Amino acid sequence: MNTQRIPLAGVIGQPINQSKSPQLHGHWLKRYGINGHYIPMEVSSVDLPHVLNNLPKMGFRGINVTIPHKEAVLDMADVISDRAALIGAANTLTFQSDGKLHADNTDGYGFTANLKQEAPDWAPKSGPALVLGAGGAARAIVAALLHEKVPEIFLSNRTRARADALKAHFGGKITVVDWTQAASHLDEIGTLVNTTALGMSGKEELKLNLERLTPKTLVTDIVYTPLVTPLLAAARVIGCPTVDGLGMLLHQATPGFERWFGQVPKVDAELRRALLT
Ligand code: NAP
């Protein structure tokens with residue numbers, strides 16, 4: 001009789017039905033013939049400590065964490081990766097064999113890995129970046145861009161105080177720009193990133209005057225529904241290299257899958273197709 005436990009992993013959040021992670025990990029489990037399961041679990045904030053305590057006893061090797069638990073799980077972790085500590089949130093938890101709970105944040109890694117795969121000529125050091133938005137995703141992306149040694153980040157958010165808070169956290173390389181003035185920096189930058197929800201299906205469009213945008217700037221949008229957002233479509237007309245946001249979602253999942261199921265998974269066209277159907 002095979003007494004080895006079937007490896008389990010999953011994603012917790014509230015709500016959870018919108019998560020694409022089960023489809024993503026499910027695809028990899030099937031592709032690599034792994035006898036494991038990845039399960040979406042709706043968990044309230046009240047139940048969170050109890051759930052984290054009990055999942056490893058049930059055979060879970062780790063979980064992804066989504067809204068609203070990304071910050072709260074840090075208080076319950078025994079070991080926090082440097083990047084999760086820097087960002088102040090975690091999306092990937094591992095129940096270690098020594099009983100400790102390890103918390104990591106792979107969003108910034110996913111962002112960078114996507115750009116490196118889809119735009120191999122991207123040269124972050126070659127010029128400043130303009131980041132639109134200052135929410136949770138922007139935090140991870142600012143950390144990732146600084147890690148890639150961009151010389152300066154212009155940061156612009158509708159609510160200026162949130163951008164000021166990111167500058168206070170990450171320091172000197174960030175220049176906060178008024179939301180109405182963001183377009184004035186477009187001719188200076190090597191990288192443009194939309195981290196706001198604008199441009200997403202069902203939401204307002206991002207209204208940014210692209211007159212000063214030049215073809216040397218790499219333009220990326222982390223919104224991936226639609227895959228080609230109005231920002232990316234307009235940047236393509238100007239001749240800019242563009243990268244859509246789906247790859248960030250796919251790449252951020254790879255470290256967890258490797259840790260829990262022991263296989264480095266591939267992010268490729270087959271996976272993208274599977275997620276889009
Ligand atoms: P969040 O923390 O709620 O932040 C939302 C951001 O969008 C804030 O900067 C907010 O500005 C801005 N915003 C929202 N409505 C706006 C409007 N009408 N006008 C101007 N700015 C507006 O959300 P998040 O977690 O950072 O996620 C942001 C987007 O990225 C979402 O669409 C999410 O689905 C997507 N995302 C994609 C990935 C991926 O893997 N591709 C990963 C994470 C997130 P204020 O501060 O002024 O409200």
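Backbone N, Cα and C atoms are what each Cβ position is placed from, and that goes for glycine too.
Annotated NADP(+) binding in TrEMBL involves ASP82, GLY133, ALA134, GLY135, GLY136, ALA137, ASN157, ARG158, THR159, ARG160, ALA161, ARG162, GLY245 plus, out of the candidates ILE63, ILE189, ILE222, the residue ILE222. ASP107 is the residue from ASP78, ASP107, ASP268 that TrEMBL records in the shikimate site together with SER19, LYS20, SER21, THR66, ASN91, TYR224, GLN252. DSSP assignment over the domain 'SDH C-terminal' (245-269) gives 16 helix, 0 strand, 9 coil. Distant neighbours of the domain 'SDH C-terminal' (245-269): 7, 9, 20-21, 24-25, 28-29, 31-32, 34, 36, 61-62, 64, 91-92, 94, 104, 106-107, 109-111, 113-114, 117-118, 220-224, 227, 229, 275-276; these residues of the same chain sit at least 6 beyond its ends, with a Cβ under 8 Å from one of its Cβ atoms. Remark: of the binding-site residues THR66, ASN91, ASN157, GLN252, the most isolated position is THR66 (fewest other Cβ atoms within 10 Å of its Cβ). For the shikimate site, whose binding residues are given in the record as SER19, LYS20, SER21, THR66, ASN91, ASP107, TYR224, GLN252, the maximum C-alpha distance rounds to 19 Å. Per the record's binding annotation for NADP(+), residues ASP82, GLY133, ALA134, GLY135, GLY136, ALA137, ASN157, ARG158, THR159, ARG160, ALA161, ARG162, ILE222, GLY245 show a top Cα-Cα distance of 29 Å.
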